[in-house]
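Report on one structure; see the data block that follows.
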Amino acid sequence: MGPHFTLLCAALAGCLLPAEGCVICDPSVVLALKSLEKDYLPGHLDAKHHKAMMERVENAVKDFQELSLNEDAYMGVVDEATLQKGSWSLLKDLKRITDSDVKGDLFVKELFWMLHLQKETFATYVARFQKEAYCPNKCGVMLQTLIWCKNCKKEVHACRKSYDCGERNVEVPQMEDMILDCELNWHQASEGLTDYSFYRVWGNNTETLVSKGKEATLTKPMVGPEDAGSYRCELGSVNSSPATIINFHVTVLPKMIKEEKPSPNIVTPGEATTESSISLQPLQPEKMLASRLLGLLICGSLALITGLTFAIFRRRKVIDFIKSSLFGLGSGAAEQTQVPKEKATDSRQQ
């Protein structure tokens, strides 16, 4: 591996931060630079320009080495998430340049312009880390794993602040559940934490261990007046010293009286009055008109049915009358013809 790769690494370190370049601590960045030197440069930059390019790289390295550092702006450490974010951004832009197949002086210009922009981008990542993620605990002792950019080593850093994280006043009604929460927002991100221990503190400066374990809350069901008083929560660490201490002052309030709601089937006087008043309200004109139309429709239907029934009944009576009249005349004539015959028969016999 020639001196070109070493100078590229130095240029990258200088361009990305005004100190030792943290992104060079990422193995994927080192592999990408090796590929750039061995695979891309030979076919995209004439040999006669290699020397001039490397002189510019060397000058860039010197310029960044001479920058004065502001300790408040950059502390030379980052966490794993910040390093990964900066490395991914750099590799993405480097791949964009190599995929474009740019050559010659244009390649050199784009490479150094990309390094300049990546320096600004990574600086914003570092500033955000130092403001939001570096030692975020406002109290207690947090153990945070950091990466030292000077030697790319990971070490556990102790963010030491006051052990005392204050006192909390808790009010709970009698016969309700008491819940004491000892967890702080940075506990999950800290390393080297052990168990939560809850103590009952008595007036004679003595205390009794109530519970110990991984649970960050202490729950006591159906508290009584005897549960009022002082409690203390202590979170342990691997350093044999507490990470946080929180004090609780518990006040047990009188038992809450719950109002009994009446059954839905029982009508109270107020409800009866309301219902009666609602029933006595006059109907709206639209409802009155609809009810009248419905009544007229029903009456008309009944009258029509009655008329049809009566007409059918009358028709049947007329038909029966006609039939009876016709049959009645025929039987009378037959009787008249039969009488003379009988008389004739009698006269013959005589």
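For all residues, glycine too, the Cβ spot is worked out from N, Cα and C.
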#### Entry: Swiss-Prot annotation (region 'Important for interaction with IZUMO1R') - matching range among 96-108, 148-160, 239-251
148-160
### Query
Quick one: which of these disulfide-bonded residues, Cys25, Cys139, Cys165, have their CA within 10 A of Cys149 (disulfide bond)?
Cys25
#### Entry: Close disulfide-bonded residues near Cys159 (disulfide bond), where close means Cα within 10 Å, chosen from Cys22, Cys139, Cys182
Cys139
### Message
I need the most crowded of these disulfide-bonded residues: Cys139, Cys233. Count other C-beta atoms within 10 angstroms of each C-beta and give me the top one.
### Response
Cys233
### Message
Sequence gap of 6 or more, Cβ distance under 8 Å: name the residues on the same chain that satisfy this around Cys152 (disulfide bond), in order along the sequence.
### Response
Ile24, Cys25
### Task
Pop the Cα-Cα gap between Cys233 (disulfide bond) and Cys139 (disulfide bond) into the table, whole Å please.
14
